[in-house]
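Structure first, commentary second.
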Amino acid sequence: MNGSGSVESFILVINSGSSSLKFALYHSLNMHRQWSGQITGIATPHGLMELTDSHQRVHLCDEAIYRNQEDAALAIISWISNNHKFCEIAGIGYRIVQGGKYHRKPELITDALLSELAELIYLAPDHLPDELRLIRKFREEFPKTPHFACFDTFFHQDMPEHIKNYPLPEKFRNQGLVRYGFHGLSYEYVLQKLDKECSGIHQKKMIIAHLGIGSSMTSVSDCKGFDTTMGISPLGGMMMSTRSGDLDPGAILFILKNNDITVEELEVILSRQSGLKAISGIADLQEIIKYAGEDAKSKLALDMFCYQAVKSIGALAAGMGGLDMLIFTGGIGEHSSLIREQICTGLAFMGIRLDRSLNHQSNRIISHRDSGVNVRIIPTNEEWMIASHTKNLLQTQNLSCRKSQKKL
Ligand SMILES: Nc1ncnc2c1ncn2[C@@H]1O[C@H](COP(=O)(O)OP(=O)(O)O)[C@@H](O)[C@H]1O
Ligand SMILES: CC(=O)OP(=O)(O)O
Ligand SMILES: [Mg+2]
């Protein structure tokens, strides 16, 4: 309850990524973030729940064992019921990585939607199973609250036909084998933020590099997603912590022909045993950077990651016919000056020049004043974007309720 005695109303956001479970509580009226938190180390002996208040003060940093996502969900539910007993949860919004051909726009979660998403698990096996488990758990606990799905693919829905399609027989395209693109909630947030800090973004050709455990890049023209590095699944594009990224299709055939493995085993190899981990033995880029001075494998992994980033930016810029602005986001993009420097050094031929000191300080703008391309850092906030979609859907739902009441 607030000071005036009325019940406070919140939007709860659940963002389940490949490596963590992030959550946040936003006031439904003014969209202020009251709490944010994350649970990491799920299914390891080193589970950790962290909670931060609206003033960025850390309130909780509790070690515990979370056997699975359900355990993590229960911890969030118990924290809400202990600390927000007298509050209303007006709606719950979830990040859903892949909704296939028919689900891109944010929408109300129904039993039918959950069944359809369960059929798409093979397209995002590292994300969808946990996302679905979490939704089921929260629906059980909050049966009267509307729950909403916010898809990572929505942002990319306007990709032009010549970019969206794979050169494969029509039969497969009709089955939904097209390029979807991911990290869309992050890109949408970054663009909204950029619009507030910079004028005329509609005229700018931009690339946003979301570099984290999962990494992708997108080119943006006229404020719309034009092209992106990931395709039908979050396995594609650049190499990542444990994902291979794009491969010659011959490489997949090679593995299958030379090894007695099932498709499921191949899936695990491509998603959990490849990328940086396959090259250096370490999945975490921050760790790799520590060892790169003396360990050749770590140095190789680092160089491969940066080379692929340079190549992706070059290709995306060529596809768009130029580049005015490059934006770094995601855990690596926001925090690693070394990675940003190595990538931008490789792009000097395009007129990109960093200001070393601004880059070192992780300033908002990090390009040199003589740079041909403006280079920025914008910390992403997928949770805010999910809350914003949830609020919009709650409003339209209320409107349609009122309309149908009127009819009666
Ligand atoms: N200072 C840093 N230098 C290099 N990598 C960093 C740094 N800080 C965070 N990272 C990396 O960011 C990644 C996490 O990114 P994040 O976007 O938060 O993850 P997720 O993809 O799970 O949302 C980890 O690989 C971590 O090592
Ligand atoms: C789409 C994707 O790769 O997501 P994440 O970064 O959460 O793994
Ligand atoms: Mg992420």
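Using the three backbone atoms N, Cα and C, a Cβ is placed for every residue, glycine included.
Where the annotation comes from TrEMBL, it is an automatic prediction and has not been curated.
Per TrEMBL, the feature Mg(2+) binding site maps to Asn15, Glu382. Using a 10 Å Cβ-Cβ cutoff, Glu382 (Mg(2+) binding site) registers 23 neighbours.
In the three-state DSSP assignment, the secondary structure recorded for Gly333 (ATP binding site) is helix. Look at TrEMBL and you will find Lys22, His210, Leu211, Gly212, Ile213, Gly214, Gly331, Ile332, Gly333, Glu334, His335 tagged as ATP binding site.
Taken from TrEMBL, the feature substrate binding site applies to Arg95. DSSP assigns Arg95 (substrate binding site) to a strand segment in the three-state reduction.
Mapped onto three states, the DSSP output places Asp152 (active site, proton donor/acceptor) in coil. Residues or ranges marked as active site, proton donor/acceptor by TrEMBL: Asp152.
Cβ contacts within 10 Å of His183 (site 'Transition state stabilizer'), excluding its own Cβ and spanning all protein chains shown: 32. Residues or ranges marked as site 'Transition state stabilizer' in TrEMBL: His183 (among others).
The Cβ of Arg243 (site 'Transition state stabilizer') has 28 other Cβ atoms within 10 Å, all protein chains considered. Per TrEMBL, the feature site 'Transition state stabilizer' maps to Arg243 (among others).
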Residue with minimal Cβ packing [other Cβ atoms within 10 Å] among the binding-site residues Arg95, His335:
His335
Checking your reading of the structure: which of the recorded positions Asn15, Asp152, His183, Ile213, Gly333, Glu382 lie inside a 10 Å Cα sphere centred on Arg243 (site 'Transition state stabilizer')?
Ile213
Greatest inter-residue Cα distance in Å for the ATP-binding set Lys22, His210, Leu211, Gly212, Ile213, Gly214, Gly331, Ile332, Gly333, Glu334, His335:
18
Judged by the number of other CB atoms within 10 angstroms, which among Gly331, Gly333 is the least packed of the binding-site residues?
Gly331
Per 10 Å Cβ neighbour count, which of the recorded positions Asn15, Lys22, Asp152, Ile213 ranks highest?
Asp152
I'm trying to understand the geometry here, so how far is the Cα atom of His335 (ATP binding site) from the Cα atom of Glu382 (Mg(2+) binding site), in Å to the nearest whole number?
17
I'd like to verify something. Among the recorded positions Asn15, Arg95, Arg243, which ones have a C-beta closer than 6 angstroms to some atom of ligand 1?
none
